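Novice: Here it is: the structure, laid out below.
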Amino acid sequence: MENGAVYSPTTEAAPGTGRGARSGLAAYFVLGRLPWHRRILKGLQLLLSLLAFICEEVVSECGLCGGLYFFEFVSCSAFLLSLLLLIVYCTPVHDRVDTGKVKSSDFYITLGTGCVFLLASIIFVSTHSGTSAEIAAIVFGFLASSMFLLDFVVMLCEKLRESPLRKPENNAKVEALTEPLNA
């Protein structure tokens with residue numbers, strides 16, 4: 001037997017690799033797991049929370065800094081959480097995790113982030129000094145919190161639409177399963 005025949009199956013290029021329309025890093029990103037309206041909402045959450053964080057970082061002086069610091073923490077956390085959720089939805093990580101757990105995590109993270117971001121924006125409104133950077137951060141904060149809460153409402157509507165489909169079909173099957181086998 002010749003060496004070429006022994007080693008040829010292991011040295012051939014794997015099918016589907018090489019230069020194509022989706023090679024390299026682009027092959028790892030799949031945007032189709034979310035409907036188009038949810039993709040837009042997730043992108044707006046990411047963008048607006050980043051803009052709120054950047055505008056807040058530009059603020060150089062503050063009178064009552066507690067609201068500013070809380071807003072800073074919340075806007076940065078919202079940005080990182082929305083980035084994490086987008087990474088999970090758009091990469092092969094989504095295939096390795098249970099889809100129900102991803103949806104449930106997204107549901108509760110979006111609700112919590114939206115509520116806390118709204119609270120941080122309200123607190124920042126009551127403690128800001130009136131500079132243009134603070135006002136821009138507040139506007140982006142309210143817009144970002146509204147995108148988070150709108151995404152939560154969309155997920156809630158989808159969840160309520162799915163729930164009647166999952167009701168038990170027949171209780172007679174359950175009764176038949178509990179009967180003894182030797183009867």
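Cβ atoms are placed via backbone N, Cα and C, with glycine included.
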Novice: With respect to the membrane, are F29 and S129 annotated by Swiss-Prot as being on the same side?
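Specialist: In Swiss-Prot, F29 is across the membrane from S129.
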Novice: Using a Cβ-Cβ cut-off of under 8 Å, list the residues of the same chain that are 6+ residues beyond the ends of the topological domain 'Cytoplasmic' (89-106) and lie near it.
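Specialist: Long-range Cβ neighbours of the topological domain 'Cytoplasmic' (89-106): 28-31, 33-34, 42, 155.
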Novice: Within the topological domain 'Extracellular' (128-134), count helix residues (DSSP H, G, I), strand residues (E, B) and coil residues, in that order.
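Specialist: Helix (H, G, I), strand (E, B), coil: 3 helix, 0 strand, 4 coil.
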